[in-house]
Amino acid sequence: MKNKAALFASMFINMGIGLIMPVTTLFIHERLNQSLVIAGYVLMFFSIAMVIGNLIGGFLLDRWKVKQTHYLGGAIVCLSLTMIIVWPLWPFYAFLVAFYGLGLGILNSAVNGYIAYLQKKDVGIFTNAYWLGNIGMGISTFLSGTLFAIGIREVFLSSLILFSLTLMIIAFNFNEIEHEKLIRTSKKFNLSENLSSLTIICLIIIIIWVGYEQWNSNISVLMLAKNISVQKYSFLFTISTFEIVIFQPLLRPFFKASFNNERLRVFVGVIMFAVSYLLIIDASTYWRFILGITALSIGDVLALTTIPALLNRYANDSNRASIQSISSTAGSAGRALGPLIGGYMISQINYNFSFIVIFISHIVLIPLILLLKNSNEYTR
């Protein structure tokens, strides 16, 4: 496996996120005594801040220095986590989570952009990054419920340690990018030619994450209402990670690196995402949620693993980090809208209605995926 430093930096970031996000809604709702709608607003502002951070991170990596861009994001993350450990109180918690989102956006976008530059010499790096990232996410989400039972400070302290390790990896292993040389030798980027495909990909990512965030937020409350423990809820993500780690290498030989195969993977993946929400309508037993997250895992392996490589087909050497930041930005937008939309539909109607709406929104994507066109600018 090439480029281990970049891959492990990405993995540790995912682990840091995985410790915090599964218990954020629970902490706001159960410990800080705020409503699901308020929790949704907090996550929305977190995601808006992350959108801004993603754009800043992608812009800076394409035009500034690699290590300094990562240090900027990492410093904001570590400072905000330290302050949360000291003051995990309402309303300070809400502001600090948004500040954390800004730094996380810069750091995550910078790492993804750096990986995009490495892909020219390592075609499978996106797949490897996603595979390792999911291993890290599974470990951390499993630990998240256990640490949360001890205390919220332990959750954020563990995350702070992981982000500190990430910065150490970056300091000793990342190299600078010769921007001026790449700009001179790369083909001109044609925005008008690629705009429709980039817009469709953004819409796909947003809708996927609006749905995905229900698993990270509102479904935890649903499961508690069904007398299913927080530990069992956290274990769902461990199951999901195990499935992703198993499914990804099994499915890889069936989809070689080509535009048509990548589009097909996204097509089938979106269908599996849609099915996952049908499977949990009227769910009252744990095995129904396991079925739902299994379908979600297959969709994850097929669609979310493929989208970074698909996006890189529309980039050139002068803007790879900025193009990758589109994925991070759209994902953050979906994460911002997901808890808010889900919380509103649940509070006004019920869980089943929200799952049906999310299912339909995924089905609407299917004809749009077929409209994706290959870019003539893509080179390996």
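Every residue gets a Cβ built from N, Cα and C, even glycine.
Taken from TrEMBL as is:
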- 7-29: transmembrane segment (TRANSMEM)
- 35-59: transmembrane segment (TRANSMEM)
- 71-90: transmembrane segment (TRANSMEM)
- 96-117: transmembrane segment (TRANSMEM)
- 129-150: transmembrane segment (TRANSMEM)
- 156-174: transmembrane segment (TRANSMEM)
- 159-380: domain 'Major facilitator superfamily (MFS) profile' (DOMAIN)
- 195-212: transmembrane segment (TRANSMEM)
- 232-251: transmembrane segment (TRANSMEM)
- 263-280: transmembrane segment (TRANSMEM)
- 286-311: transmembrane segment (TRANSMEM)
- 353-372: transmembrane segment (TRANSMEM)
Counting only pairs at least 6 apart in sequence, do the transmembrane segment (263-280) and the transmembrane segment (7-29) share 3+ Cβ pairs under 8 Å? no
Near the transmembrane segment (96-117) in space but 6 or more residues beyond its ends, with Cβ under 8 Å, are 3, 6, 9-10, 13, 17, 24, 42, 45-58, 60-62, 66, 69-70, 72-81, 83-84, 87, 125-126, 129, 163, 166, 174, 177, 308, 312, 315, 317, 320-325, 327-328, 332
Pairs of Cβ atoms less than 8 Å apart decide it: which stretch in 7-29, 71-90, 232-251, 286-311, 353-372 has the most with the transmembrane segment (156-174)? 7-29
Looking at 7-29, 129-150, 353-372, which one has the highest count of Cβ pairs under 8 angstroms to the transmembrane segment (35-59)? 7-29
Grab the same-chain neighbours of the transmembrane segment (129-150) for me: Cβ-Cβ under 8 Å, and only residues 6 or more beyond its ends, written as numbers and ranges. 6-8, 10-20, 22-23, 26-27, 115, 158, 162, 230-231, 233-235, 237-238, 240-242, 244-245, 248-249, 300, 304-305, 308
Quickly jot the same-chain residues contacting the transmembrane segment (71-90) by Cβ under 8 Å, restricted to those at least six beyond its ends, or write none. 16, 27-28, 32, 34, 53, 57, 60, 96-97, 99-100, 102-110, 152-153, 156-157, 159-160, 163-164, 166-167, 170
